[in-house]
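A short worksheet on the structure shown next.
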Amino acid sequence: MNRMFDLVLGTGNAKKLVELRMMLPEETIALTALSEIENAIDVVEDGETFSANAAKKATEQAKHLERWVLAEDSGLSVDALKGAPGVYSARYAGTHGDDEANNEKLLRELTDVPMDRRGAQFNCHLCLSDPDGNVRLAESGICRGRIATERSGGAGFGYDPLFVIPEYHKTFGELNLTVKRALSHRSRALRLFIPQLLRLVQSNSTSA
């Protein structure tokens, strides 16, 4: 592969961007953050599923920019809350991206719910669109755990301080980055996604 594959990472979330960049092969792919593109558009995330939101963000941004775009949608689904907060994870308490308020609301919603009924999972859906707005690749990853009764740890973001990994008896907020990267929903989705992406890059390079 002589030419770098130009790929826009279609997320405005700086912390998600860091995770994506850490796992994507930058020796093969020229990564550009959405924040680095002046004419990027804001895509309304009004889908009822993570996959619908990821596809919409990827295809609409790709058509607008006429570039390859990788978009991601992720969130937390709690068993006792019938899957909530789900696609509303980032704005569960009303304001988009207010992690503290979202965590506080989740704890209130689970008041008096025993630990054996506090099962939950993080979900991640990745979608790659070509410059014409066609979905070329899509992959998902999940990570099962439980919701703690109080926040622990200052690492990570979002609901990480509440999400307990049973095997480690620690929250994502307490685990070191290496362990979290091995276990997280985003990492699991990327491990499935990257080999497919590299095959597509190879094919694109060969046919160019």
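Each residue, glycine too, has its Cβ placed from N, Cα and C.
Around D160 (substrate binding site), a 10 Å sphere centred on its CB holds 24 further CB atoms from the protein chains shown. The substrate binding site annotation in Swiss-Prot covers T11, G12, N13, A14, K15, K16, S74, F157, G158, Y159, D160, K180, H185, R186, and the record cites sequence analysis as its basis.
Taking the Cβ of D73 (Mg(2+) binding site) as centre and 10 Å as the limit, one finds 26 other Cβ atoms among all the protein chains shown. As annotated by Swiss-Prot, Mg(2+) binding site applies to D73.
The secondary structure of D73 (Mg(2+) binding site), as reduced to three states from DSSP, is extended strand. Annotated active site, proton acceptor per Swiss-Prot: D73, in sequence order.
Across the residues the record lists as binding substrate (T11, G12, N13, A14, K15, K16, S74, F157, G158, Y159, D160, K180, H185, R186), the two Cα atoms farthest apart are 21 Å from each other.
Sequence-distant neighbours of S74 (substrate binding site) (same chain, 6+ apart, CB under 8 A from its CB) are K16, F50, S89, F122, N123, C124, H125, H185, R186.
Here T11 (substrate binding site) comes close to L17, L20, A33, L34, K57, A71, E72: these same-chain residues lie at least six apart in sequence, with C-beta atoms under 8 angstroms from its C-beta. Classification of K15 (substrate binding site) by DSSP places it within a helix. Long-range Cβ proximity for K15 (substrate binding site), meaning a same-chain Cβ under 8 A and a gap of 6 or more residues, is found for F157.
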